[in-house]
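Undergrad: Pulled these from Swiss-Prot:
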type	residues	note
TRANSIT	1-54	transit peptide
COMPBIAS	53-71	compositional bias 'Low complexity'
REGION	53-77	region 'Disordered'
TRANSMEM	164-184	transmembrane segment
TRANSMEM	217-237	transmembrane segment
REGION	226-317	region 'CR-type-like'
REPEAT	248-255	repeat 'CXXCXGXG motif'
REPEAT	259-266	repeat 'CXXCXXXG motif'
REPEAT	292-299	repeat 'CXXCXGXG motif'
REPEAT	303-310	repeat 'CXXCXXXG motif'
Amino acid sequence: MDRVLVASYPINHLIRPHSFRIDYCWSTCFTSRLNSGKERQKLSSRWRWRSMASDSTDSSSSSSFAPSVESDPSDKTSASFCIIEGPETVQDFAKMELQEIQENIRSHRNKIFLHMEEVRRLRIQQRIKNAELGISKEERENELPNFPSFIPFLPPLSSENLKLYYVTCYSLIAGIILFGGLLAPTLELKLGLGGTSYEDFIRSVHLPMQLSQVDPIVASFSGGAVGVISALMVVEVNNVKQQEHKRCKYCLGTGYLACARCSNTGALVLIEPVSTLNGEHQPLSLPKTERCQNCSGSGKVMCPTCLCTGMAMASEHDPRIDPFD
């Protein structure tokens, strides 16, 4: 199909019978070749992918149209080609040729690094704006999602507020034990309620006899509540540990490290030699500073381990990274 475009009529308007006869014979032979199903499928597949790749080519390539169609360079990879548009729309790419697969892999990997570079520059600009506005409190950036808490009325789970979960859990357990062991028996004695079903057991384990007045319903409620809260706390701790394992060990999930050139200050002190004239003592001038060129004044540089993602072992083969999760 691409040779039909190349073997078009000449640019001048003089149609010579000789050239017209050659073009007619060549097109007839080419049409006869299309009778085989295998050749037609191959050419149609090549034309489909070439038509998609032609949308992303520059306008400068129009001057050399004939050699650009014949050649198949890697810079003609489709810019709008998307294999996975969402969890429900996944295109069938099993029929693609080897060259097309390699070109699309190269193109998509380049797009990934371009997007990561955009995120890096946006974060640098964000830090610069915060420094210009005088925002001294620097919150730690965390790209990993927060796990919702199983305990009601508590904030999302993270490693920073894990102590709050411990305090809440122990407070609830202590309150339930005090209610079931001391408060409930006292109220039952004053109200004339309760029973002696646990009296023998309390006496055998040498506990205060006041505990024998506990109602079975209260005891069941207290024991069940303590077990449920303990199980929820175990789940919360496991979620925190899983979240910490997914973070990068070097940048702790922030995606950036402190700049070693400016010592995380964002500015460099210019050291100038001091010269004296006639042995006179003159006061030294104040040192001058300039913006660090390594970190652009932000005090942070990209983490080379996670490539600004904040995730440990950021790789396209990492089984923990699930785009549909």
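Any Cβ shown, glycine's included, is placed from N, Cα and C.
It should be emphasised that the depicted structure is a prediction, and the values quoted were computed from it without experimental measurement.
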Undergrad: Which residues of the chain, 6 or more past the ends of the repeat 'CXXCXGXG motif' (292-299), have a CB below 8 A from one of its CBs?
TA: 123-124, 127-128, 131, 258-259, 261-262, 264-268
Undergrad: Taking the repeat 'CXXCXXXG motif' (303-310) alone, what is its mean pLDDT?
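TA: That stretch averages a pLDDT of 77.
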Undergrad: Could you put numbers on the helix, strand and coil content of the repeat 'CXXCXGXG motif' (248-255), residue by residue per DSSP?
TA: 0 helix, 0 strand, 8 coil
